[in-house]
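See below for the structure under consideration.
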């Protein structure tokens, strides 16, 4: 006997596989509806089966939570649409669930100068909460006031290699002069001092014991052993202490040209307690006469461990781990300076200035100045750099969480603005004391954040910051959650946001049927046409508990209506001037047509004289339909008729220049024409181009005014006849080019001949003539000796035979 489930599966295959078996759903109630979005409407609001998915699908989407909002056979996903569409379909405004992003200012102390810079409020607001809906930007304003006399901490970091010997003598007397100059702009200033040379390993310094003890060239000079970085003096307001500690310093020495300045900068930025940085403007003056080592150079000395980005100063202020960690990279240095809110000033000699100017592009809010050979201009250099850095306001941000973007609009001088790219900084230059600048910050999220994120915004070089509490809205707050709701078939499901989430084993829009009823033919009959033929739900949905659950934009008892099948105009459904309902466009009040493509307005058909299509046609869909023989946008032109340019040419000529065929009676013939001279900046297609009776070109524009015809004529430009100059110039140019080619040819031949002659002379000098035999020559004389013949003197005479060579 054949199992009933086998028969059912066989029938499903014959019927295209559409059955209630396809509609089994979980307790969430979402799998009963499929998604079939119109691909031509990607990026707009598409039907989705839940409120949460709806608000996350597109920022323009809203959800109608009204009970019984969807019609019979209409998918619950139709609750998701644009606000205007839902209101037009009868959803009350109070039943719309459309959470929006929002902002809440938590702390906003007013901007103030404070007492001589102390206690100033330069950045406002101080704390804000921003809630983002994915895809929807949120924009808020940040204000900055440059206060006068803002406190400054300045740390002087000096290269003490031997080549900086004369510079050290200047710096020993620097403390008082530097404090005096800085106190001119701020009453609260502190200075500190640190020095550097290089890593104490080969090949950076000599490891010969005597050289390690005294690396200077002369044994008579005062010299200290090489070191990487030494923090000498913490930040202080005592100028005498600065000069006293610097006076105790001596130069050192190393082998290679680049110095270990990056190690020193990184430690000065990381060891904030040892340096004594306050929460004020921080300046780091870096002086050197050479370039710097960077990440990877340490491998030359057998150092492979990358810099760990931590402070490694001992109790004496010496960087003790220089032989263990490689030099930091430019990115590490820039990140450490930015995190510590330190503004570096690179005071370097002219030979290395281009290198540090390139480095300046990679480190935010840094300055570069050219140092004289003996550092005599260092005070003025520092003051110039301080003025430049203080007048530049750069709004920086902490790292963003994944999926969140940021952009800036900098309003530096009134309404003028400079837009930055996403992730860029806001910046204003040349900001004066007591001047306020605005930054508009835009935040946008692409998806939900797993948890709240704290974002910091601050102006580089200043201590204040704005804290942004970043949240995302990713769920609906319908307020109608009801477990075992009577609305859902007497408690067969939970009600939330207007739809039922069925209990296990229950199905349907209202959880009205069970899984045991899926194979009932009576249920499927409710999803077919009365004649019993055709696919279930017209092939546009699924049969669910004897009722059709339609997909996409389909609706109706049998999903026979498709709200996305209406005609389109210029690729837009119903031309954008109506809504589609069951395959028919229902147009707005001022439009008509199968695709609402026809406007009932006649504004584009009215001619300047006030007539409709110039009296030579009729207006249809806000466009003139001309009668036979007429053409033009307003039917104002005809075959054989004069164009406006031809019609008013003589009046324009006589009225503007007093010439032409109408010059004698211009005021009579052209009485209804007003001619004015004008200097048009450019001539577009509307200007007439005609010639006067003496063949001079002129331009005029025909305008229709209430008082009559107005001709705007452009005055003739009196030019100079350049014919002779053009002819002479062309002739002279041809002659000059010819002479140039001949001279170039003769010059190339002369150069070639001289080169060949020199080569010939060189070969003659290298010749070494000597006499030698021809290896192919064979002598014609042959000598033969008779071994048995004994002469009188005991010698065997030789017999010489002469033969001719072949």
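In case you wondered, yes, glycine gets a Cβ from its N, Cα and C as well.
Swiss-Prot annotates 254, 256, 258, 259 as Ca(2+) 2-binding residues; of 198, 308, 314, the candidate listed for that same site is 198.
The candidate list 263, 289, 297, 475 contains one residue that Swiss-Prot assigns to the Ca(2+) 1 site with 163, 166, 167, 373, namely 289. Checking the ranges 98-123, 124-149, 202-227 against Swiss-Prot, the region 'Disordered' annotation falls on 98-123. Which of 704-724, 725-745, 746-766 counts as transmembrane segment depends on Swiss-Prot, and there it is 725-745. It is 79 Å from the Cα atom of residue 311 (disulfide bond) to that of residue 688 (disulfide bond).
Per-residue pLDDT, averaged over the domain 'I-EGF 3' (561-597), rounds to 82. When the disulfide-bonded residues 271, 448, 545, 548, 688 are compared by Cα distance to residue 635 (disulfide bond), the shortest distance belongs to 688. Distance noted between the C-alpha atoms of residue 223 (disulfide bond) and residue 412 (disulfide bond) is 52 Å. Residue counts for the region 'Disordered' (98-123) under DSSP (helix as H, G, I; strand as E, B; rest coil) come to 0 helix, 11 strand, 15 coil. Across the structure, residue 641 (disulfide bond) and residue 537 (disulfide bond) place their CA atoms 63 angstrom apart. Of the disulfide-bonded residues 412, 566, 566 has the largest number of other Cβ atoms within 10 Å of its own Cβ. The list of residues near the domain 'I-EGF 4' (598-636) in space but at least 6 beyond its ends in sequence, with Cβ under 8 angstroms from a Cβ of it, reads 577, 590-592, 644, 703-704. Look at the domain 'I-EGF 4' (598-636): DSSP puts its residues at 6 helix, 14 strand, 19 coil.
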